[in-house]
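*Asks:* Can you keep this structure in mind? I'll have questions shortly.
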Amino acid sequence: MAERSAPIGVMDSGVGGLSVLAEIQRLLPNETLLYVGDCGHIPYGEKSPDYIRERCRRIAGFFHEQGAKAMVLACNTATVAAVADLRELYPTWPLVGMEPAVKPAAAATRSGVVGVLATTGTLQSAKFAALLDRFANDVQVITQPCPGLVELIEAGDLVSPAVRQLLQGYVQPLLAAGCDTLILGCTHYPFLRPLLAGMVPDDVAIIDTGAAVARQLQRLLGANDLLAEGPAGAARFWTSADPEALRKILPVLWHKSDDVQSFAL
């Protein structure tokens, strides 16, 4: 059985999972966190499920070698493609994935119209269709794929005219259709929440699942007697792209400067 002091592995296709990592560290400050951003293979949203599964297997294997006690797939697209596969490979491992917040959005909407901003891979998945079938029968859900946003966020671009224009083009049709609740269905998108909030009326709710994932991780660790005790844990970072690129963006998205190592698998 893993030690309580063992680390937790958190992965994303790039830097979007840092939004989830922040929620985990906020809720579980004693945990040691290992973060792999698969930036050399981004964007996952345009890749095949088989390709994504293979990348997730490699990263999960790395976490296992590092002695991780649990893993978080901090990526909606990776969860869709690989979570079932990884649960078969590591049946005793607490493993938490992401999914768009359809259930809370359907409960929150007053107009009966919910908008979803996500990658093509997430929106076209059977898992997303099942979420709609289970939780959104009584509301209208309008989906909006958002090509280009992930790449801008990966570059640390959160406020430029280019990102503003692109986001506006994706959001305006949803507002015109009567959406009063917007789901951020990609872990990159919470970094654009301040920009998005300035584009929508005050009564439009913006929902993502980072905090809910942190709570689920806390529940699973507690149920397996794996919650860390003692001093505050640290975070360590790896990337499959140029480490210097992630080093430069960490102060923007993580609000701290940390060393970044190369992940060559």
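Here the Cβ of each residue, glycine as well, is placed from N, Cα and C on the backbone.
Heads up, here are the entries from Swiss-Prot:
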BINDING   Asp12, Ser13, Tyr44, Gly45, Asn76, Thr77, Thr187, His188  substrate binding site
ACT_SITE  Cys75  active site, proton donor/acceptor
ACT_SITE  Cys186  active site, proton donor/acceptor
*Asks:* Taking only same-chain residues 6+ apart in sequence, whose CB is under 8 Å from that of Gly45 (substrate binding site), what do you get?
*Replies:* Ser13, Thr77, Thr119, Thr120, Gly121, Thr122, Pro145, Pro147, Val150, Cys186
*Asks:* Measuring Cα to Cα across Asp12, Ser13, Tyr44, Gly45, Asn76, Thr77, Thr187, His188, which the record gives as the substrate binders, how far apart are the two most distant ones in Å?
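*Replies:* Across Asp12, Ser13, Tyr44, Gly45, Asn76, Thr77, Thr187, His188, the two farthest Cα atoms sit 12 Å apart.
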*Asks:* What three-state secondary structure does DSSP assign to Asp12 (substrate binding site)?
*Replies:* strand
*Asks:* Determine, for the substrate site, the additional residues of the same chain whose CB lies within 8 Å of the mean position of the CB atoms of Asp12, Ser13, Tyr44, Gly45, Asn76, Thr77, Thr187, His188; present them in sequence order.
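*Replies:* Surrounding the site, in chain order, are Gly14, Gly16, Gly17, Ile42, Pro43, Cys75, Ala78, Thr119, Thr122, Val150, Cys186.
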*Asks:* Within 10 Å of the Cβ of Tyr44 (substrate binding site), how many other Cβ atoms can you find? Include all protein chains, please.
*Replies:* 29
*Asks:* Compute the C-alpha separation of His188 (substrate binding site) from Cys75 (active site, proton donor/acceptor), stating it in Å without decimals.
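*Replies:* Spelling it out, the Cα of His188 (substrate binding site) and the Cα of Cys75 (active site, proton donor/acceptor) are 9 Å apart.
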*Asks:* How big is the Cα-to-Cα gap, in Å, between Tyr44 (substrate binding site) and Cys75 (active site, proton donor/acceptor)?
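*Replies:* Taking the Cα atoms only, Tyr44 (substrate binding site) lies 9 Å from Cys75 (active site, proton donor/acceptor).
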*Asks:* So, three-state DSSP: helix, strand or coil for Cys75 (active site, proton donor/acceptor)?
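*Replies:* Going by the DSSP assignment, Cys75 (active site, proton donor/acceptor) belongs to neither helix nor strand, so it counts as coil.
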*Asks:* In angstrom units, rounded to an integer, how far apart are the Cα atoms of Cys75 (active site, proton donor/acceptor) and Thr187 (substrate binding site)?
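*Replies:* On Cα coordinates alone, these residues lie 6 Å apart.
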